[in-house]
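Colleague: According to TrEMBL, the feature phosphate binding site maps to 13, 55, 56, 88, 89, 187. As annotated by TrEMBL, substrate binding site applies to 186, 210, 211, 212. TrEMBL lists 7-244 with the feature domain 'Nucleoside phosphorylase'. For 168, 221, the entry in TrEMBL reads site 'Important for substrate specificity'.
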Ligand code: ADE
């Protein structure tokens with residue numbers, strides 16, 4: 001088993017291959033939690049070893065509430081991944097966050113219902129802090145890249161994670177707006193918190209695909225895909241430069257998430 005992979009990328013809706021990697025190998029991994037979403041593509045890019053896994057599977061067959069998040073994070077950890085970049089599609093809860101814009105969530109509100117969100121089990125009680133759930137070092141690398149490429153990215157945003165796979169009712173959407181949250185999606189939780197438990201740095205790069213259902217025209221899956229297909233190249237361009245910009249050694253505290261977290 002490879003153990004020297006540095007960076008893991010979870011492809012979101014519309015991103016089923018990284019399109020960047022050289023000398024690729026498909027790795028079929030089993031974990032104590034079952035299989036990850038698909039085989040993991042491991043390859044190199046600009047001298048860095050990267051693992052790529054589309055979280056909905058390569059053929060988009062796994063709905064958000066059925067993703068085996070624990071297996072996905074466990075498999076990345078097995079490969080040696082210490083940094084995860086997680087592109088995703090989101091709806092907007094604010095007028096100024098327009099379809100096509102990029103967003104960097106820094107907080108989340110968890111409205112999921114039935115997901116296995118921890119590696120903590122009977123006999124191993126873990127209480128990690130998610131006061132700041134995302135890696136500050138990755139955030140700073142991402143904003144350096146978007147500044148460099150003159151791409152607008154909304155920072156310090158709050159992501160509402162719903163269970164899905166259905167979209168929200170108008171009442172739910174209006175309620176989420178009253179919380180002050182900015183964007184809404186179905187996959188950030190528990191992915192980011194499992195990464196923290198695994199002491200892996202994690203950052204999400206979200207692409208706004210729609211105005212959810214609070215605006216005039218309720219979102220459809222077709223709208224989401226149409227906007228995403230226009231934005232996939234932008235996301236890949238960010239990833240291309242980001243991989244070079246991520247520092248080789250970690251100076252954040254993500255690697256120490258379990259210190260003082262266990263009974
Ligand atoms: N993913 C993309 N758009 C979404 C929305 N409006 N609600 C939940 N998840 C989404």
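Quick reminder: no glycine exception, Cβ is built from N, Cα and C everywhere.
Where the annotation comes from TrEMBL, it is an automatic prediction and has not been curated.
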Colleague: Listed binding-site residues are 88, 187, 210; which of them have CA atoms within 10 A of the CA of residue 168 (site 'Important for substrate specificity')?
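Modeller: Those near residue 168 (site 'Important for substrate specificity') - Cα within 10 Å - do not exist; the answer is none.
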Colleague: Any idea what the Cα distance is from residue 211 (substrate binding site) over to residue 55 (phosphate binding site), rounded to a whole Å?
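Modeller: If we compare the Cα positions of residue 211 (substrate binding site) and residue 55 (phosphate binding site), the gap is 23 Å.
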Colleague: Out of 56, 89, 187, give those binding-site residues positioned within 10 angstroms of residue 210 (substrate binding site), comparing C-alpha atoms, in sequence order.
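Modeller: Passing the 10 Å Cα cut: 89.
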Colleague: So what's the average pLDDT for the domain 'Nucleoside phosphorylase' (7-244)?
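Modeller: Over the domain 'Nucleoside phosphorylase' (7-244), the predicted model scores a mean pLDDT of 94.
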Colleague: For residue 212 (substrate binding site), write down the residues of its own chain that are at least 6 apart in sequence and whose Cβ falls under 8 Å from its Cβ; none is a fine answer.
Modeller: 91, 92, 93, 167, 168, 173, 176, 184, 218, 219
Colleague: If we check Cα distances from residue 221 (site 'Important for substrate specificity'), which of the binding-site residues 55, 56, 88, 89, 187 wins as closest?
Modeller: 89
Colleague: Taking the Cβ of residue 56 (phosphate binding site) as the centre, how many other Cβ atoms fall within a 10 Å radius?
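Modeller: Summing over all protein chains shown, residue 56 (phosphate binding site) has 22 other Cβ atoms within 10 Å.
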Colleague: DSSP secondary structure for residue 221 (site 'Important for substrate specificity'), reduced to helix/strand/coil, please.
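Modeller: Residue 221 (site 'Important for substrate specificity') sits in a helix per DSSP.
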Colleague: At its widest, how many Å does the recorded substrate site span between Cα atoms of 186, 210, 211, 212?
Modeller: 15
Colleague: Can you tell me the three-state DSSP label for residue 210 (substrate binding site)?
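Modeller: Going by the DSSP assignment, residue 210 (substrate binding site) falls within a strand, counted as strand.
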Colleague: List, in residue order, those binding-site residues out of 55, 89, 186, 187, 210, 212 with a Cβ under 6 Å from any atom belonging to ligand 1.
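Modeller: Checking each Cβ against ligand 1, the ones under 6 Å are 89, 186, 210, 212.
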Colleague: Which Cβ among the recorded positions (88, 168, 187) has the fewest C-beta neighbours inside 10 Å?
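Modeller: Across 88, 168, 187, these recorded positions, the one with fewest Cβ atoms within 10 Å is 168.
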Colleague: Give me the non-local Cβ neighbours of residue 186 (substrate binding site): same chain, 6+ apart in sequence, Cβ-Cβ under 8 Å, ordered along the sequence.
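Modeller: Sequence-distant Cβ neighbours: 64, 65, 161, 162, 163, 164, 165.
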Colleague: If you draw a 10 Å sphere on the Cβ of residue 55 (phosphate binding site), how many other Cβ atoms land inside?
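Modeller: So the Cβ neighbour count for residue 55 (phosphate binding site) comes to 24.
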